[in-house]
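Everything below concerns the one structure shown next.
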Amino acid sequence: MDIVSLANELEDYIIGQRRYFHRFPEPAWEEVQTTLAIERQLEEMGLEPLRFDDISGVYSYIRGKKAGKNAKTILLRADIDGVSVQEKTGLAFSSENAGMMHACGRDCHIAMLLGAAKLLNNMENSLAGHVKLFFQAAEESAESSQEYIRRGFLQDVDVVCGAHVYGGLEAPYIDISPGYRMASADKFDIEVTGLAAHGSLPHTGKDALVAAAAIISSLQTYVSRNNDPLNPLVITIGTIRGGSQRNIIAGRVKMEGTVRMHSAERRKFIESGMQKIIAGTAEAFGCEAVLSYQYMLPPLYNSPGLSAIAGNAIRKLFGDHIRRDMPPVMASEDFACLTENIPGLYINIGCANKQLGFTENNYSSRFMVDESVLKNGSALTAQIAADYLGGNEWPKD
């Protein structure tokens with residue numbers, strides 16, 4: 001029996017798992033019950049659940065019986081944490097945890113990977129390599145993948161693949177566009193120090209608020225005049241705090257912001273460029289400014305080779321449901337830390353359905369999913385793994 005037929009037989013199981021996990025979303029690093037429920041499913045398949053003692057999340061292996069000494073291993077990833085959103089879908093299986101919702105679709109990701117695990121476990125006799133199943137905790141923390149990487153999690157894998165339901169794409173289309181797909185996300189703090197003075201004597205002080213306002217404006221000019229407009233760059237100042245009362249010149253201002261871009265190469269130079277702008281602008285107003293810059297998530301890059309394998313798999317399974325022309329977005333994903341280290345593919349499974357009224361995007365309190373696509377996600381993930389491990393030739397990245 002082919003993978004599509006097997007996935008169709010699993011549809012009730014996959015949807016049932018999705019609805020169960022949808023009811024009980026848990027915050028990042030607190031996915032205790034979620035982890036236990038996944039472990040139970042893996043054990044029922046005859047797979048050994050593995051985990052780190054001090055963090056949530058679980059992983060397991062499917063060992064291909066045709067694997068040779070130098071066999072490859074593919075990592076299949078599903079994130080598992082909920083998000084801080086109060087659900088307003090009205091679904092019969094709505095979240096039972098107040099203030100938490102699987103508004104990003106991770107209930108679906110868990111279910112699709114469990115479905116793929118069942119498919120691949122039944123194929124173990126024909127697999128020419130190994131599959132590592134990864135139910136990743138705390139994607140929302142933006143630090144989860146790095147934590148796993150520090151623990152050596154990628155040392156025994158060659159490539160990674162993850163399927164994500166996407167409300168911005170109509171079902172049943174699947175986006176496997178190669179190249180840079182999502183932006184980096186770094187954060188920074190700026191502290192401007194001037195000299196407080198009475199508002200009636202501004203010349204006796206150094207106004208940190210005026211300097212901060214000029215810095216904000218200068219950073220936007222830096223974006224428009226120092227960055228190639230064909231390579232998007234967004235610098236956002238999200239908070240500004242300063243001053244003590246209405247009639248006092250502010251002596252200190254603190255700002256917080258983020259930087260997003262698609263170019264991994266250009267990302268290396270942003271901090272130094274911002275430092276020059278910030279320090280120089282503050283000095284012009286008689287103030288000092290200190291930039292603290294923290295690198296968080298790199299841009300997400302889809303391997304052209306894995307995209308080609310996925311394209312062949314989609315045609316084999318579903319026909320012409322492929323999208324390779326989706327524009328990159330400025331949102332970010334923790335998955336990018338994995339693809340920064342090994343070749344990877346982040347698959348967007350279109351889950352919108354205008355006829356059903358499912359038009360809200362991910363993170364909306366009314367985000368709903370066309371569940372008919374979930375079995376497709378399981379089938380595609382399993383097919384990609386089987387094809388990759390089968391030794392298919394794929395283009396160099």
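Every residue gets a Cβ built from N, Cα and C, even glycine.
For the recorded site, His164 (Mn(2+) binding site), the DSSP three-state label reads strand. Every protein chain considered, the tally of other Cβ atoms within 10 Å of the Cβ of His164 (Mn(2+) binding site) stands at 23. According to TrEMBL, the Mn(2+) binding site annotation covers Cys104, Glu140, His164.
Here TrEMBL flags 187-280 as domain 'Peptidase M20 dimerisation'. With helix defined as DSSP H, G or I and strand as E or B, the domain 'Peptidase M20 dimerisation' (187-280) counts 39 helix, 33 strand, 22 coil.
Taking the Cβ of Glu140 (Mn(2+) binding site) as reference, residues of its chain lying under 8 Å away and at least six apart in sequence are, in sequence order, Pro27, Ala28, Asp81, Val83. Annotated Mn(2+) site Cys104, Glu140, His164; additional same-chain residues within 8 Å of its Cβ mean position, judged by their own Cβ, are Asp79, Asp81, Val83, Gly105, Arg106, His109, Glu139, Glu333, Asn362. For Cys104 (Mn(2+) binding site), the same-chain residues that are 6 or more apart in sequence and have a Cβ closer than 8 Å to its Cβ are Asp79, Val83, Glu139, Asn362, Tyr363, Phe367.
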